[in-house]
């Protein structure tokens, strides 16, 4: 009888087996890629509890709804710019593009008689407006080879100028835009009968971004470009095209974020978007996306934006309690700056650790192989227990035989693991000796040059 594969056994797993496998996979995922996101969640919960102790109103329903309403546009901006940062680039224009899209919508609504019809037209126009700016950024960076910082700084000033011109069309004396009463617009994007509908939109967009980044060719190529652009080019990837795609996605999401920002803020000024791009980018870095590209965390971006919103609202409530008279804006910027610097330093240390020679590689591989074999046998046990054709005695005997097999494997593993540890220690010693020789040679060379 041919041996069944793990996939064949998995089909007939019972509840116990499925639960155990889910737990194993969750722990492995947390170990491999979720540590930073887990730490962000933990810190967010601690900060939330701390701010609640300082001011009990912080945990009120009204404040929680306000935090969700504030989170959505920042998180959507962060999702879009994650694709750009994954290529090793930056986009400084997303905040002003968002405001320009909102001002354009307000201008159209104020210059037409039918507000409902105007909004129906401006909703797709806001998204297209952001997409066009994203394509422009991509063209400047990918085709004209401008540095991303300079290119997006230029489009940031351009979009700010467009906002000023559009605002001046509606209101000759002020740069503020006030939208007409548009209840259905808020219901679709912000508040649906008291429920923060924006969080559902954010969840849907997060799933779309995860699919694009991790399951589609677009995301894989973007990450490859961020890891090593020249290697990606030599492997046949159209680097310029996929860079343009990344910037187009950032612009598209800036236009989408404008919908939620406009719905949440019926009145805004040209200064409303100052610093939005920095907050969005900070959330991306805090979430675990590498500053040098090649590594991106979509879920981490959401958590990064979340912790910034928690801190911003928490400082507002804390300063209200102490009545210090100090503006929370300045303190928020200072705290955000410290967090971003810390996140970037963590990324630098992580990259350095990844580039170091792993002296315990053989031992860790030995342990991984043992765990895989044991997992396969456990799955086989679950299959046996769920097989209704077998009698209880047969199930017991077969499972006992597998337990014996696992025990024998464990004995072999202990011996092999000990050998691997010795080999790793020898490799470590040789590595240290070679490094010492290299240092001595470099020192001798310097002395010879001095002589």
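Glycine is treated like the rest: Cβ placed from N, Cα and C.
Automatic, uncurated: that is what TrEMBL annotation is.
Since this is a predicted model, take the numbers as computed values, not measurements.
Taken from TrEMBL as is:
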| type | residues | note |
| --- | --- | --- |
| TRANSMEM | 38-59 | transmembrane segment |
| TRANSMEM | 71-103 | transmembrane segment |
| TRANSMEM | 115-136 | transmembrane segment |
| TRANSMEM | 148-171 | transmembrane segment |
| TRANSMEM | 192-214 | transmembrane segment |
| TRANSMEM | 244-263 | transmembrane segment |
| TRANSMEM | 284-310 | transmembrane segment |
| TRANSMEM | 330-349 | transmembrane segment |
| REGION | 424-451 | region 'Disordered' |
Against which stretches of its own chain does the transmembrane segment (330-349) lie, if we need a Cβ under 8 Å and a gap of at least six residues from its ends?
36, 275, 278-279, 282, 285-286, 288, 290-292, 304, 307-308, 311-312, 315, 319
Top partner of the transmembrane segment (284-310) among 71-103, 115-136, 148-171, 192-214, 244-263 - counted as Cβ pairs under 8 Å:
71-103
Please work out which recorded stretch in 38-59, 71-103, 115-136 has the most C-beta pairs separated by under 8 angstroms from the transmembrane segment (148-171)?
71-103
Using a Cβ-Cβ cut-off of under 8 Å, list the residues of the same chain that are 6+ residues beyond the ends of the transmembrane segment (192-214) and lie near it.
65, 68-69, 71-72, 75-76, 79, 82-83, 86, 222-223, 249, 253, 256, 260, 263-264, 296, 298-299, 302
Mind tallying the region 'Disordered' (424-451) by DSSP state, helix then strand then coil?
27 helix, 0 strand, 1 coil
Quick test of the contact rule: Cβ under 8 Å, at least six residues beyond the ends. What residues does that give for the transmembrane segment (244-263)?
72-74, 76-77, 79-81, 83-84, 86-87, 89, 91, 93-95, 97-99, 101-102, 105-106, 123, 126-139, 141-143, 179, 185-186, 188-190, 198, 201, 205, 212, 218, 222
